[in-house]
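If you check Swiss-Prot, you get these features:
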| type | residues | note |
| --- | --- | --- |
| REGION | 1-249 | region '6-phosphofructo-2-kinase' |
| BINDING | 47-55, 169-174, 349-352, 393-397, Y429 | ATP binding site |
| BINDING | R80, R104, T132, R138, K174, R195, Y199 | beta-D-fructose 6-phosphate binding site |
| ACT_SITE | D130 | active site |
| ACT_SITE | C160 | active site |
| REGION | 250-469 | region 'Fructose-2,6-bisphosphatase' |
| BINDING | R257, N264, G270, Y338, R352, K356, Y367, Q393, R397 | beta-D-fructose 2,6-bisphosphate binding site |
| ACT_SITE | E327 | active site, proton donor/acceptor |
Amino acid sequence: MAAVASGQLTQNPLQKVWVPLSLHRLRRRGSTVPQFTNCPTMVILVGLRRPGKTYISRKLTRYLNWIGMPTRVFNVGQYRREAVQSYKNYEFFRHDNEEAMQIRRQCALAALQDVRTYLSSEEGQVAVFDATNTTRERRALIMQFARENGYKVLFVESICDDPAIIEENIKQVKLSSPDYKGCTPEEAVADFLQRIECYKATYEPLDEQLDSGLSYIKIFDVGVRYLANRVQGHVQSRTVYYLMNTHVTPRAIYLSRHGESQLNLKGRIGGDAGLSTRGRQYAQALAEFIRSQSIRELKVWTSHMKRTIETAEALGVPYEQWKALNEIDAGVCEEMTYEEIQERYPEEFALRDQDKYRYRYPKGESYEDLVQRLEPVIMELERQENVLVICHQAVMRCLLAYFLDKSSEELPYLRCPLHTVLKLTPVAYGCEVESIFLNVEAVNTHRERPQNVDISRPPAEALVTVPEHY
């Protein structure tokens, strides 16, 4: 191969390849997409159809996708519903029902084939295999599949014997299952309890001696106690750490941006300005709203910036400042209007529109950087009960994307208006959102992606979606 003169090539930060310098400037500019794994990982759920298993699989998938690890859930129950169109009763799950056992095995094998496609052909990094997997035989089958394909494996066993937790889970989750469509609550509960008894007949829990060579975490009573064994590698470590920081205690998380700031009025991004007159009015309205909610043991978090601190001061309660909650760093574009950015840095303005999530401001941050900065905040939010987070537009988008399972493409364009509280209530398989406008007008700071994102676009087409400002 002929030698290439120094300076003729540069490294493309998104694709991690060397490209001609002249072409590089026409490509998107951003932070590298993180590659957390040297080989794909399978997370295998284990346990009776009791609380925690599907809850864990969906919650874990949401978290791993949010931090940049492409992850997908493979729910074997869904494969079974597609194979058997009409569910009759628990008899299908009896261990002596040979025909049904064969169908269930074929469904598991079909799911494993889809896992292979996802991890080996679609650039997935983690597959969460959501099934009971209660027998040592089934787990051995999965381990053989993983070895043949070069995947790492982490088992996650959910064990729950608390009657109160089991009853609440049945009430929240199982009665809404497609299996029980058209059934009365009493019929659904009775059948589901019989189904659990069917699984109990062949259930072989992970054993500390027999399974000492496996990587696993056992979760008792949805987080009361944990037992981890041979946790290896980055993905497994982060997975276990995350699972040990979650709980199912009923709670509410309130997200609010600061009150309108002086720089918001002028259409300038970033900076550390104080509140406008209307911003101070919002701070008072927020205080009245929080008092009216009578929230038990509410914690209040802010960033280190004036506008969030001034908003929190009106509450008259202690608050905790997080530097991690500071607004995205716009680097050389701090305190500029969009019009000024287009005039001085038209190429940067276009590059950001091309890939807003990964684009990094010169000497500043990208949304991808911000997600990594906010991970400790998410961990602490998962540990807490009722929390009010007073933050900033980009920060609120990142937090909201985590709780609502939004993609990196959707995240930078989530609407987070000023003077509006979002109340998030975690439920069985997701999060309910209530938007509460507190009747104090404010400027609009939301800018949609323009249709034309080409570097050579006219200024008018670059600025067409810029909101009005003074």
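Each residue, glycine too, has its Cβ placed from N, Cα and C.
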**Prompt:** Minimum Cβ neighbour count within 10 Å among the binding-site residues G47, G270: which residue?
**Reply:** G270
**Request:** State the Cα to Cα distance, in Å, between Y367 (beta-D-fructose 2,6-bisphosphate binding site) and A394 (ATP binding site), rounded to an integer.
**Result:** 7
**Request:** Starting from the Cβ of R195 (beta-D-fructose 6-phosphate binding site), draw a 10 Å sphere and report how many other Cβ atoms land inside it.
**Result:** 20
**Prompt:** What is the nearest of the binding-site residues R80, R104, A350, A394, Y429 to G270 (beta-D-fructose 2,6-bisphosphate binding site), using the Cα of each?
**Reply:** A394
**Request:** Express the distance between the Cα positions of R257 (beta-D-fructose 2,6-bisphosphate binding site) and A394 (ATP binding site) as a whole number of Å.
**Result:** 10
**Asked** Can you tell me how far the Cα of A394 (ATP binding site) sits from the Cα of D130 (active site), in Å?
**Response** 33
**Complete:** Between the C-alpha atoms of R397 (beta-D-fructose 2,6-bisphosphate binding site) and R104 (beta-D-fructose 6-phosphate binding site), the distance in angstrom, to the nearest integer, is 41
**Asked** When you put G47 (ATP binding site) at the centre and draw a 10 Å sphere around its Cα, which of the recorded positions R80, C160, Y199 have their Cα inside it?
**Response** C160, Y199
**Prompt:** Using a 10 Å radius around each Cβ and counting other Cβ atoms from all shown chains, which of the binding-site residues R80, R104, R138, R257, R397 yields the largest count?
**Reply:** R257
**Request:** Fill in the CA-CA distance, R352 (beta-D-fructose 2,6-bisphosphate binding site) to R80 (beta-D-fructose 6-phosphate binding site), as an integer in Å.
**Result:** 44
**Item:** Rounded to the nearest Å - Cα separation of D130 (active site) and Y55 (ATP binding site)
**Value:** 10
**Asked** Just how many other Cβ atoms lie inside 10 Å of the Cβ on T132 (beta-D-fructose 6-phosphate binding site)?
**Response** 22
**Message:** Can you give me the Cα-Cα distance between Y55 (ATP binding site) and Y199 (beta-D-fructose 6-phosphate binding site) in Å, rounded to a whole number?
**Reply:** 19
**Prompt:** For Y429 (ATP binding site) and T132 (beta-D-fructose 6-phosphate binding site), what Cα-Cα distance in Å is obtained after rounding to a whole number?
**Reply:** 17
**Asked** Using Cα coordinates, what distance in whole Å links Y199 (beta-D-fructose 6-phosphate binding site) and C160 (active site)?
**Response** 14
**Asked** DSSP three-state call for D130 (active site): helix, strand or coil?
**Response** strand
